[in-house]
Amino acid sequence: MNKAEYNPLEIEQKWQKVWSEVGIYEPDTEKSQKPFYNLMMFPYPSAEGLHVGNMYAFCGSDIYGRYQRMKGNDVFEPIGLDGFGIHSENFALKIGEHPADLSKRTEANFYKQLHMIGNGYAWSHKLETYDPAYYHWTQWIFIELFKAGLAYKGKATVNWCPHCLTVLADEQAVKQVTSDQEPVTRNVCERCGTEVERKDLSQWFFRITSYAQRLLENLDKLDWSEKVKVAQRNWIGKSEGAKVMFQSDIEDNCLIEVFTTRPDTIFGVTFLVLAPEHPLVTRIINKANGPLQQEIRQYVDYSLKKTEDERLETKIEAKNRVKTEVLQSKSGVFSGFYAINPLNKKKVPIYIADYVLMSYGTGAVMGVPAHDQRDWEFAKKYELDIIQVIEPTEGQKGDISQGAFTEEGRLVNSGQFNGLTTEDGIQSIIKYINKNQIGTPFATWHLRDWTISRQRYWGPPIPMIYCEKCAKEGKSWFAVSGTPAVNALKLGYLRSRGQRSVVNLHGAQVDRNSKTAPLQAASPRMDLDWDSAGWYPVPQEDLPVELPNIKNFKPTGTGVSPLAQDKDFVNVKCPGCGFAAKRETDVSDTFLDSAWYFLRYPSQSQKSKVKSQKLPWDAEITKKWLPVDMYVGGAEHAVLHLLYSRFLTMALYDLGLVEFEEPFSKFRVNGLLIKDGAKMSKSKGNVVNPDDYIAKFGADTLRCYLMFCGRFREGGDFRDTGIEGMHRFLRRVWRLVQENSKFKIQNSKVEPEDLRMMHKTIKKVTEDIESLDYNTAIAALMEWVNFLEGKVSKVSKESNASKVSFEEAKTLLLLLAPFAPYMTEELYQKFFGNSKSEARNSKQTQNSKFRSIHKQLWPEYEEDKIKSDITLLIVQVNGKMREKIEVKVDLSQEEAERTVLALPKVAKYLENAKYRTVYVPGKIINFVTLLH
């Protein structure tokens, strides 16, 4: 046998070609019996290509997929590119290249890199979000949501990035703390870091809030990283409490609806506060006179220029940083009006203050200064009453002269509710106000509807058409002959899709178990809360609405997309009346592209198309492969991508388009990689290009080292000295197998200690891969290689016997295969690939003589063989360890004493001493000296 030197580049190119020709990573998506969907979040194809941090995540996901394949599963591991969006467009503008041309160039580079690293992708299923064949169905999904009442257009105050010149979803406006002497939190664009502005614009939204409760409840069922579930719970942000009605003197019969999470404190209300944008504030301004009117208007105008974060950080006593002197010490302004507390009938003043947000609850809060610190500061400033209604229990302090008492306790000064605990008081008061029709139980949410519109170029055009003629006549897709009709899902629409749950989005109900349940005639919900007149979805036969190739794709900054300048694109016929109409010129958020790509993959094949052109996926294939069995990705997508994907899957489930409501059965977060102790960044010049290391050391070395850097779920520190050490390790494995290649007798006897070490390693590597602790799995393999090398060194060079057994060498390669796929394939084919007696994985490629190591069965360990008759005995004198010694497990106390007392290190402590012995067989022996 030729003992060639380890040449990784030659080996890797060879096996890339063979694997591609044989198609070992291409499962039959229709006939697979044990489907396992292994998925890594697909990448955004940056111009710089994949960096080593990307490779870290992709390799970690691939290792798990390779392991599952060797466990006998039909593993489907697809790949694609998330290429639409502002990142690509901004870079195209920077270098003066059209994003379509840029994408094709970056696509080629990304796929080349992903081939090189050796991941087991099903390449025939690759997809790109900017391919019209893909965004055809992105647009189709938008239309389905529109017809279901889950997509609507409305005017709202939205996040606007003045640099990217587009709207941002709430999730894309991230908090950043300034480094000033007095730190201030501000909202910035998650892409470019520019401070976000607030603008009133007409936008398309998805009703994700309709799914808030289910999105929250289902988290308990998911096998996901806990920190991701916590992040989603916090973002959904459910607050339970009650809405209480306060009668005001602003107008006759004018009720102010107040939301509170602490109805137990309602007897302590001494003022109400309205958000500056509350609808009643306009009426207050109109009714106010003279200086008060001017003061209120001035305060409101100033408040609305501030971000929500700035408003929440308002310090009651601190001077606001404004030029107008009259506002310098103001945190609120008296309205001149009063309200009546419905429980104790006391009259309380109404204030307007910017620390109250219209986006939370009802935009009106009750001021309870004794039990809320902000209210306490407000009351002190404006000399308002502070009435304690919760007293502390034993051991608590409750001096409200120094600040609010915010803990739970017992109710006082609360009429019939005195003496109740906080918990009982909340429930009793909610029950009382509900019974007396002065309030209701209520929950509010941090989650807001998903802003889907983007005023940019590089994205799927939103497939909607607006007809001014129909709008004037009150016609829309939801109307028949100009009158509201049964939601033009229109009886048949819901029937044909067989809704699975009782829904009431449109005032119409559909029974879970009946596909033909009659719908009650009702206007769609969206007709009730937005003006749908004039709007029509693009007819299905006209999809996709292709993105026109325009030269000037620079964002306008006016709130209108660059597509508006292309008259050929904009001007169309109305699907309703046939007269002149105009297309929507906004494009959809790139997060819509990635919210469903996992549904498309199994049906996306170069060899076969989706059987039904009415759906973006084959129903039977989707049923077989979905939901995703293992999903891996970054924690930065905990709210955005994962929440949107969950919402969309639930909506599709409700429409009868898929048979599951959660897309990812199991999700694990990959950690972040740093370089030499510092975060990688272009400015620091420490971004690692994986291509350089693959060229120098080979992909196997890079893969193994990346996984050895630290726990996969926590990340690691990339250092050049470390990768050199990993390369030496793989060369040792190469030599170990090459130089001990006389595996003549396949079932040759393996010594008990050798067998114990092998099964111990199998167990460790298996358990560590299951938990994604790849670093310790590789460490276990290193330990075993050290053991095998030590065994080899004891064998006489003249001996013709095999130094490492057939079983040991083969098992070593099988365990190393997910980490170093190229090298292990090469060695396996040289020494084991033609063995007739080896166990075959039934999932091997049919009609192929090539038997890849990556389709061999994963080694199984036996607990009995891990046990050893030798153990490490700890020797103590008076409880202090003095020696460690290997002994037989069943050593008697008499034999143990005799053996240990012969050790000089122990004997010197017991010389001429009397003692008693404490012996735990196989673990510890302790000599306790006795006093004379």
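Heads up, the Cβ atoms here are built off N, Cα and C, so glycines get one too.
Looking at 199-203, 369-373, 514-518, 679-683, the range annotated in TrEMBL as motif ''KMSKS' region' turns out to be 679-683. For the domain 'Methionyl/Valyl/Leucyl/Isoleucyl-tRNA synthetase anticodon-binding' (755-892), the partner stretch with the most Cβ pairs below 8 Å, chosen from 14-232, 233-433, 612-707, is 14-232. Helix, strand and coil counts under DSSP for the domain 'Methionyl/Valyl/Leucyl/Isoleucyl-tRNA synthetase anticodon-binding' (755-892) come to 66 helix, 17 strand, 55 coil. In the domain 'Aminoacyl-tRNA synthetase class Ia' (612-707), the DSSP tally of helix, strand and coil residues is 42 helix, 18 strand, 36 coil.
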